[in-house]
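See below for the structure under consideration.
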Amino acid sequence: MMWGAGSSMAWFSAGSGSVNVSSVDPVEEPTGPATLLPSPRAWDVVLCISGTLVSCENALVVAIIVGTPAFRAPMFLLVGSLAVADLLAGLGLVLHFAADFCIGSPEMSLMLVGVLAMAFTASIGSLLAITVDRYLSLYNALTYYSETTVTRTYVMLALVWVGALGLGLVPVLAWNCRDGLTTCGVVYPLSKNHLVVLAIAFFMVFGIMLQLYAQICRIVCRHAQQIALQRHLLPASHYVATRKGIATLAVVLGAFAACWLPFTVYCLLGDADSPRLYTYLTLLPATYNSMINPVIYAFRNQDVQKVLWAICCCCSTSKIPFRSRSPSDV
């Protein structure tokens with residue numbers, strides 16, 4: 001999609017070589033009033049389908065959080081921010097497909113590249129904010145539920161979305177390679193230098209998340225040991241509970257790394273002459289991160305599951321008993 005030159009993503013080829021600025025093989029200028037639109041390739045269709053699934057999943061999460069008054073706690077605000085970002089990413093993929101292969105508008109395609117850059121940045125930023133919130137809820141357990149927590153949540157969300165908006169506007173307003181394809185990176189029309197900056201920012205975020213989750217593991221192990229001693233539980237019970245908690249954190253961080261690390265590394269190593277196939281193969285898992293985020297951060301929550309069951313049964317959600325849950329449960 002956004003990695004095709006000109007008005008489309010279809011300067012893709014299975015091997016390396018010079019960049020083709022047209023969407024298909026060179027053709028004569030059209031003699032009629034109609035504009036020749038490129039034909040989508042299999043990878044383009046797969047990404048469009050992925051965008052549709054991402055949009056549907058996250059639209060459901062947004063609808064649940066907005067439509068359920070009980071979901072106004074800071075942790076649900078952060079999950080809602082993540083869902084909105086992933087929803088924009090899914091819609092951006094679908095609309096970019098339409099802009100390239102149905103409308104043929106280079107200007108619309110460029111704007112949607114900015115939307116995708118903003119959405120994916122906001123998604124990663126929201127994941128970092130959720131990690132920070134989880135850590136603080138355990139580190140400052142006694143003072144977590146206060147007005148300060150709400151204020152801090154809004155500040156984090158503001159920083160995430162302002163930063164994402166800035167990074168999304170950069171390729172639209174100035175920093176792109178539409179006028180100089182030799183400066184392009186693996187994703188058109190983002191320049192190589194721009195992608196390097198984004199990759200470095202990702203590694204910084206990933207490093208912070210890794211450090212915070214390591215601290216969370218230490219706190220969880222210490223708390224589990226203290227509870228086991230107070231309740232005179234067997235050591236086996238302590239280790240089982242601790243191992244389960246650490247396994248959950250490993251799944252959360254591992255899914256994030258598996259989805260984004262291949263594409264980020266490829267952005268650093270590749271350039272405009274790199275095989276287009278590798279761009280698709282590394283970018284597709286990155287879109288899957290927006291597909292699994294609702295499962296990890298929303299649908300696993302028991303209160304969200306209650307609302308889903310109520311919706312499926314056409315029942316009112318106003319009488320559903322919700323229990324107080326900490327961010328580490330989300």
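Placed from the backbone N, Cα and C atoms, the Cβ positions cover glycine too.
What Swiss-Prot says about this one:
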type	residues	note
LIPID	Cys313	S-palmitoyl cysteine
MOD_RES	Ser324	phosphoserine
MOD_RES	Ser326	phosphoserine
MOD_RES	Ser328	phosphoserine
TOPO_DOM	1-42	topological domain 'Extracellular'
TOPO_DOM	63-74	topological domain 'Cytoplasmic'
TOPO_DOM	99-110	topological domain 'Extracellular'
TOPO_DOM	133-153	topological domain 'Cytoplasmic'
TOPO_DOM	174-198	topological domain 'Extracellular'
TOPO_DOM	218-245	topological domain 'Cytoplasmic'
TOPO_DOM	273-277	topological domain 'Extracellular'
TOPO_DOM	300-330	topological domain 'Cytoplasmic'
TRANSMEM	43-62	transmembrane segment
TRANSMEM	75-98	transmembrane segment
TRANSMEM	111-132	transmembrane segment
TRANSMEM	154-173	transmembrane segment
TRANSMEM	199-217	transmembrane segment
TRANSMEM	246-272	transmembrane segment
TRANSMEM	278-299	transmembrane segment
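Cβ neighbours within 10 Å of Cys313 (S-palmitoyl cysteine), excluding its own Cβ and spanning all shown chains: 8. Remark: the transmembrane segment (154-173) makes no contact with the transmembrane segment (43-62), by the rule of 3 or more CB pairs under 8 A.
Reduced to three states, the DSSP call for Cys313 (S-palmitoyl cysteine) is coil. Residues 1, 9-10, 12, 79-80, 83-84, 86-87, 89-94, 97, 100-101, 280, 283-284, 287-288, 290-291, 293-294, 298-299, 304 of the same chain sit 6 or more residues outside the transmembrane segment (43-62) yet have a Cβ under 8 Å from a Cβ within it. Take the transmembrane segment (75-98) and the stretches 199-217, 246-272, 278-299: counting Cβ pairs under 8 Å, 278-299 has the most.
Remote same-chain residues near the transmembrane segment (199-217) are listed as 124-125, 127-128, 131-132, 134-135, 138-139, 245-246, 249, 252-253, 256-257, 260-261, 264-265, 267-268, 328 (criterion: CB distance under 8 Å, separation of at least six residues from the stretch ends).
Under DSSP, the residues of the topological domain 'Cytoplasmic' (63-74) split into helix, strand and coil as follows: 6 helix, 0 strand, 6 coil.
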